[in-house]
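A.B. asks: Supplied in structure tokens, the structure appears directly below.
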């Protein structure tokens, strides 16, 4: 049976009381009427919106410029954050960056000039950083943490027992 047929004999055809379908009074006005009082169109929607990546899927990368390591090398030695080996400064990037040991990756960026011989250990280097450090007679070494991340996972399962 159609809706029209079902509504026969009903005074308001599903519209509630007899006052409801007369003009816009039932709706509180037409359009954006009443926006300063009873219909708050000027405010954005409440609640949470969008997508938030899970924290375990995020990688915390801290960056430091090779030029800054070069300029502050003597300061790092004075503070006990780096060592002096002959003419070279031995610097671990994790030690000199704020919260470096809490970060997932500490990356050395290029740009600027490196004048002193630096032996830098970090999790990642840009090509420009490696070029700048090596052009001054230093060396850029990947940390053990970076080598473990880049290497293939160890196969701890016994292949003889896992044959299907």
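Here the Cβ of each residue, glycine as well, is placed from N, Cα and C on the backbone.
TrEMBL lists these features:
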COMPBIAS  1-29  compositional bias 'Basic residues'
REGION    1-56  region 'Disordered'
DOMAIN    78-141  domain 'Large ribosomal subunit protein uL15/eL18'
REGION    134-164  region 'Disordered'
COMPBIAS  149-164  compositional bias 'Acidic residues'
A.B. asks: Per DSSP, what is the helix/strand/coil residue tally across the region 'Disordered' (1-56)?
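C.D. replies: Tallying H, G and I as helix, E and B as strand, the rest coil: 9 helix, 0 strand, 47 coil.
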A.B. asks: Could you tell me how many residues in the domain 'Large ribosomal subunit protein uL15/eL18' (78-141) are helical, how many are strand and how many are coil under DSSP?
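C.D. replies: When I sort the residues of the domain 'Large ribosomal subunit protein uL15/eL18' (78-141) into the three classes, I find 15 helix, 25 strand, 24 coil.
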A.B. asks: Pop the mean pLDDT for the domain 'Large ribosomal subunit protein uL15/eL18' (78-141) in here, whole number is fine.
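C.D. replies: For the domain 'Large ribosomal subunit protein uL15/eL18' (78-141), the model's average pLDDT rounds to 92.
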